[in-house]
Each structure stands twice: as structure tokens, then as C-alpha cells.
């Protein structure tokens, strides 16, 4: 059958048909190599690095005797060492990936094959197979749900691996397939055909059609179980495999791991290319010099030293060129790359070992999963963060409430001052209530006293909370209640009522049973007026045992207050003040009201409601009128304040990062009210901001107008068109880059944009307008965004801002964003680990981010920059001395130093001191780093290492090399020893020049070191001692006698170092090199001190700062409401459906959203009558 390649076509229980389409099976492979491809592929990848290819070329040159002035092993040994270290590291990483793949692929699952269930490995599962899952099993592949053990064909899944959320979600099979149940015969005979979308990474959407017996049934995301989910509270379910292995949405979100390189890596590539050009220029100059010398001065020497046959001046010059390429190759020694990897690895271990980033509750340490990005942590400009599970714990806590004008939930001391509630604060004792939830905590004892004293308003308040909801109870043992709520908000409110004596015990479609202050009371449930995003409220109508009918309503205060009786004006004013306080504290608020109903009115209302629901025209309008009519003239009871619990230290962390001039954007799938509330809780949105703009238009033109309005208000004088600077960058300057310049804005602003508006804003015509407007704001919150949009926002900033970005999240929906950013951070310790597996760094709590950036990141960047500056300085100085010496040795490519000194200079004499500085140095300690987050700013501006600083480093090296060559040369010229013997020989000069060089570069290192440790001292003095010991040994008589041809400098050290003028020369050369550096730094600190200089001076003069005590600050919000409710519409039908309870009356239900075959999404009251089967069937066929 012909079908589009952009469509998946699956036939149930028909392996030959499905295999003919070559769909991927369920095996996954994340490894890069196998045993045969490892060596060639790994070497190919390594030699793609410019430096490795260069050193291989150099090694080949050294194998040619005519041009080799140095032994081949001086390059071969370090090159093999580097290649071997990298290969071992890559092999280790890939072995771990192989182990992980095998572990997953060898999991077992029941597969329906040839009419029977067989236990098969995951990797053997094929598209089109029917599989059986049991409770607490991982979902094997992306499945279409067929049937389950639960009523209404529901299943409950935990999606922590996908979105980091630990609360359960509800999925529901079609009624048609649900009727098969667990009948193997029916399931084997099922021949349904599915046409659906091709593999993609959209976790929240699915489109497809099931065809059975010529009838089409719509498939959406609520009929699909995704790989990575875990089946919970469901005995069994059957599913049809639609996507396997690499085609599943989980693996599609993982994608290919991008090879990330730091900005310093990119800069080093450009600098190394420039150095190569500079090296060949020097060699060309010296080759020209060789020609001139050979023609003018070399001819007379041919009498004593004849040229080899066929060698003339031109050929001699050509060979001289390549000889000098070998001699001067130390401008880019291979030890540079070895040292860089060692430094990065060491700083990664410091992150892993940091006990202040260890989370003991989950036994989770911080982990540097990628060891090559440490210094980039010190240059972050933009942070993109998920909300749920990253900033918040996804736990709701009943925090405060206002009842009849009185505020509860605060603690005050004897003087009436507000006291901060901590873990040590005394908790309310609920031991009198045997059904109380032991995990619930509250600290204001006066509220319990008010309820127990029989206050009617307080009791009505908690009675409303215990009745007006869609929570399902589960009571496995007597007295052990477990609430399963559609939203965590509802669970928190019902739990609060439970602890204060109004215990929701059980429900049927017609009744709600409660324990009110120890007495069992059953209410008749007459109707549920369900929540939706337009109504922003929910009501229930109940009849109490004494026959009274009451409407209980909860919702957004702005909505409820419009529907109150006039008698509530005074109470409303007081409650509004409390609500403003709650909103200022970032709490999520709801207002509560009730209304007593007359029997005759209710009978008439139900009749009119029935007529409205059966009307063919104007149904929605008539229903809206009925709701408005009955939810009117209500009596205000009070308001609740629920805390969407932030992770510890989140507001303080965000405040610190903002002081470091890091901009934080929140990209969340949550709805606007929730995201906005968290923004205020985290101190990202503040009352002091001049304005918070909300972009929520549904058209391209509307979004453009809203963005332009915001931009013009923030920066009235800005040009209408953005200023885009186009430059060339990268290797060979082939990469075209566009940069949108930052625009100055007075005051702070915030921007909130919805996902549907963001889709328009990310289009080519509007993306620059979005970027300009967003970057003018201090805080940006994008809500209702898809995983793809998260990555698009990150890519947009990367493309036009040329700034370093970091993305942090905890679920599979954050993976694309984590991989798109320069640095990805995963929150570990939760059950969802998909983000961690794709991240570069991971830890358990968001608050550790400030330590990762402000301490480890800043230190790593500072250390790497110091290392590069010093390394280039010491090697250019070393090499330039060769260049000056060429003018005195007839451009013969003779080395100025002993060959062994050349081999050991980078590997022994100068290696360990600079490594110790690069691992342990710190300008200020961690406390001062936190005290002054502004210390982070230089890294964002690339102030410590750039092309300019590299040029300065070269100029410094040029000056030092002139001193180190000409001072010893002048001092040694025509000099004699004390006994009159000649001292001015080549070997004595070589010894003096190399000793001066080593002393100077060691002194320079000491000047650059801010933080001295025992290790630094040992390596600096130890390296100098090692030089003296090795030199005296190699230049001794004994060594010469044993290895005559290898160690020719016999007696040089003994004859030279016992002369006072040699030591004086060393002192003079060192002084002339070091004194200008010290003087210049002193002048700069006096005239233009940096932020580092100021803080270091302060650190020397003052004691270390103590952590500032954080006192509670009363913030009163001018926002009208802190309303945010994560409830979804269409849940009332389930709790009022008789079919829902016909199997297991007390089964748990927990979800954020649900779309079922029932008419759940209709805007109508849910009465207690059962849902007719005909309606259910018609909905299935239409969907």
C-alpha cells in the first residue's frame, strides 16, 4: 500500500507487514564506537584537531636527517602520550554507554506473539506488537493504550523521566479497545490500523487515527503512553507499539550529543593559527638570512667545511627553513594541550568534591559530567531555567488563610513583631485528630483554637474546603487516608481541612462523606459546576443531613468579589488587604464564598439547566447565564494562601546572580498565572519594577504590536530597526556573525509571553523584535512553551547576542534546551534523570548554581586565563631567544640551549609550578566571591584573556627575550675566568642563558600567584632545585664517561657557576625583566584599580564577611491577586460518573489534565445522573 513517507502506518499483530516498512526496533544505541571502529575513528577525530595534525607533521619533519636539529622523540613521546590519554578517556566513556545500553535493552516485558504472552527482551519488541505492562514497570516504547485494569480504561503514569514532575498523570484508552480488557483471544484478534505522525520530539502533542472495521477513531496525546514513563496504581494495561527505540519521543528529545567547545577553545584555535603564521614568518626571515650569510660569509668556510654534494646556498636556505620550523616549534608546544586537559580535569574534581554542593537528603553530590567546559562557567550572561522541579519542589503547602477578616498563619513575638517561621518554630499539635496527616505542618496555634471553640465562620471555611473539590480518597487501612488530587493545590487545601477537623473520607457519584470534628456526616452531592480557565472558579451544590442546600464556591478573588452580596463590602476590603500581603509573599490565593439555596429555586434551576444542555442553539450562552445566576449574591468566608514550595535558597540565588549581571529567563510549560506567581516568589518579578509586560496575542500582527509597545515604553528614543553588527570570525574568518547590540534602559522591567504568542514571535520577521524587547527586560518568563520552543529561544540568544548561555532543567522536556545552550545543567536527585544524562553539570538543588558560577566558574576562568598568559609568555620568551641567537650563529639552526634543557623545559622545569597555580590559585576566597557577585562581570566581558592580552603577552616576551639574550651575551663577550682562562664558549653561554630564563619565568610565576599553598611553594622551589640537580648531574664527568655522545656538556656547570660574574649576570637579567612588570602593576593599581584589586585590598584589611542573617521582610503587593490554580477543566464528570466507581470504589486519581471519551470539556454542571453510553460512543467516533 502506498502512503506518504511523512506518515507512520502500523497494523496491530502483523509483524511481516510492519517489518516491510523498515521501522526501527526497540533497541537503543547511544555508544559511538565498537571494538573494530574504535582505533581508526578515534584517531581520525583526534587528528581533526589542528594542533594534533601539526605535531604529527612536525614529527615527520624530525625524521628527515638533513633538516632535523632536534631528536624525533622530543615530539613523539608527548604526542603519543596525548593521543593515548584522550583515547583512554573516550574508551572509558563509551564503555559506560555500552553498559547502559545493554542494561536497558535487556529489560524484560510480556509481548503478545502467536496468541500467547511471551517474556521478551525490550530490544526484541517490534512496531505493531501488543505488550502487557504491570504496575511500577517502565513503559517499554511509545504505545497506544488499548485497555487497562482500571474503570473507564484509565491508567496512571509517572512522567518524572520526561518532565521532572513526580505527580501522576491520567491516560485513557478508547472505549472500543477498552472493552477487550485482558482477554488474550480478543487482543490477539485485534487488527486495528493506525496512521499517525512520523517520529518527532513533541512530548505534549500527538495526532493519529485508529481504523477498526472501517470506522475511524481519533487519537490524541491522552491515548498514548510514552517510553520513560512508569506505570503506577494500575494493576495492568495493554498497549500497541507505535514507535520503538530511537523513534520514541524520549530518544528523539535526547538527540545527538553536540560537541561543545568553550569560547577560549575557539580563541585558542585562532591564536594557534596566527602563531603558525608568525612561526613561518620568522622561519622565512631566518631562511633569507641564511642565504645572505652563505653567499657573503659562508664561502670562505667551505675550505675547512665543504658542503655536501649537490647542496648550494638556495638548497641550504630551504633546509634551514624547515630546520627552524623544528627549532622554533616551542611557540606552540604539545604540552599546552596536555596541561589544559589536566587543569580542566582538576577543576572538575573540585566541583565533584565540593561538600557545600552535596545534598545529604538524597545523597547526591555535584557532578561535572563534562570536563572540558569549566572555564566557561565563569562567563555566563544568560540563564534559561525550567520552573517545575528546578525552581520549585512541585509541592504545595497550606501556608496562611484569612477567615472572616482575621489573618492566620503568622507568628509574632511579645512585642508584636513578625517572627520568621523556621524548622525550629513550634508546630501545631494535631494528635487529637486521629485522621490527621502527620506530614502537614502549621505554626499558628490560634487557628486551631478558633476551630475547636466552634467558631461558625472558621468551621464553614474548612467545610467548604472539604466539600468543594474533585479529590479522590484512598483508604487501604482504617484511618490511613491517602488523597489523590488532580492538582497539588487541591490536595493541599483538602489536607488542611482534614487536619483542622473536617476530614474528607469518601465519595460516591451522589454523596460526600466527611468526619466533622469527629462526627460522621454525609452530604448529598447535587451538582458540580466545574472549573475552567474562563470561569476561574469551581462550585459544588450539596444538601446537608438537615436538608439545607448550599452552594460552595472557590476561585480567583477578582472573580469571586464581583459575585458577592452587598453586605460583604467591609469584609471584602479587609480580605483584600490580606490577599495583597499573600501575593506580596508570592503565595497562590483563592477566595471562598457560599450561598444557601431554596428548595423550590433549586428544582426550577435544575429543570432550566436540563433544557439548556439539550438545546440545539445557544447552548453555551444559556449555560453561562445559569452559572452567573446561581453564583451570585454569595457570602464571603475568606481566602486561602498556598505556597508553591520553592527549592531552598532560590530567591537568594536569583538575587545573587542578578547582582553578577546574569539575566535569567524562565521557560516553563505551566500556565501564565502559575508562572507569574513563581516569578514574584523568586524575586524575579518585583513590585519595584516600572512595568511587567504581558504578550498574549493570537496573531502575528498582534504580537508585533504588543512587543513594539513594550519596547517603545522602555526605550522611547530607540530606533525602530535594530542595530545589527555583521562581522567575520572563527577559523580562517569564514564564519559570518550577526550581533544585536544591547540598548540601555532606565529602570527595571519584566516580560511575560505565552507559548502561542512565542510561536509567532520566533518567526523570521519578528525574532529580532522579540530579542530586542526581551533583552531590555531584567526578567523574562515564557509560559506554555514546548520543548522545541525552549531550544529555539536559546538558539536565538546564542545567534544574535554572542553571549555564553546556560540552561538548567530536570526533565526530558528540558533536554533540547540543555543541549542547545553552551552549558547544560541537570537537576539530579529527583526521580527523573533524563535531563541529567544530557547535561554537562548536575547537582540536586538550584541554589548550588550560584556556587557553581560565582566560585568554581569564576576561579576556573581566572586560572585558565592566567595559565594561558603565562604559558605563552614563557614559551615565546624561550623561542625568541633562539631567534636572536640565529644572527650570531650564521642562521645555521643551531640551538641556543642544551638539547636536554629543550626537552625538559616544558615537561619538567616549568610544568608543575604553572599547574599548581592553575589548580589552586584564587584572587579572593568563596565568602568574598559571594559578598561581591560583581567580581563575576570581567569574565562576561572576556577581560582576562583575549586577542589584545595575547598581543601584550607577545610584546612582554619579546622584551624579556632581548634582555635574556643580550645581557648574558654582553656579559660573557671576551670574558675570562678568575684564573685567566676563557669563559666565553658556546656551552657556558647556553648554560647562562637557560639559567637566566628559568629564574625569570619562575619569578614571573611568583608575581602572578595570588594564593600560595604548600603545593605551590614545593613545586616552584622544587623545580628550580630539580634544574640545578639535573644540570650538575648531566654535566658531570661520570655521566659523560658513560654516555659520551648524549651528554657533551662536560664540566660546563662546574666551571661557570663558580664565577661571581655569572651570578651577577643572572641577577641583573632577572632584575631587568621583573622590575618593569612590578612597577607597571603598581601604577595600574593606583591609577585604574579593577574590581578584583579593590576586593583583594578590602580582604587584606577586613575580616572575612559572615553570612548575612535573612530576616523576614513584609512585602505588600499592589497586584490585585496572587491567584494561580493548576486545576484543569473537565474533571467533575469523572467524580460524578457511576461507571467510574463500578469496579474499585476507592481507586486513586491524580492528573493535571485529562481528555477522555466522556464529555469532560463541556462547560456544564455535572449532575449526579450517570453518563449515557450513547453519548460516550458518539464522542469516540467523533474524536
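Positions of Cβ are set from backbone N, Cα and C atoms, glycine also.
Keep in mind that this is a model prediction, so the values were computed, not measured.
Sequence annotations record features per position, and here TrEMBL assigns domain 'P-type ATPase N-terminal' to 10-75.
The feature ATP binding site is assigned by TrEMBL to 386, 387, 388, 490, 531, 554, 588, 668, 669, 670, 784, 790, 813, 814. All chains included, 36 other C-beta atoms sit within 10 angstroms of the C-beta of residue 814 (Mg(2+) binding site).
Per TrEMBL, Mg(2+) binding site is recorded for 386, 388, 810, 814.
TrEMBL lists 386 with the feature active site, 4-aspartylphosphate intermediate. In the structure as shown, the Cβ atom of residue 386 (ATP binding site) sits within 10 Å of 29 other Cβ atoms.
Among the features that TrEMBL reports, domain 'P-type ATPase C-terminal' is placed at 836-1089.
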Suppose you look only at the domain 'P-type ATPase C-terminal' (836-1089); what would the mean pLDDT be? 88
DSSP on the domain 'P-type ATPase N-terminal' (10-75): how many residues come out helix, how many strand, how many coil? 31 helix, 2 strand, 33 coil
388, 784 as binding-site residues, winner by CB count within 10 A: 388
State the count of C-beta atoms found within 10 angstroms of the C-beta of residue 669 (ATP binding site), not counting that atom itself. 26
Nearest to residue 814 (Mg(2+) binding site) in three-dimensional space, by Cα, is which of the binding-site residues 386, 388, 588, 669, 784? 386
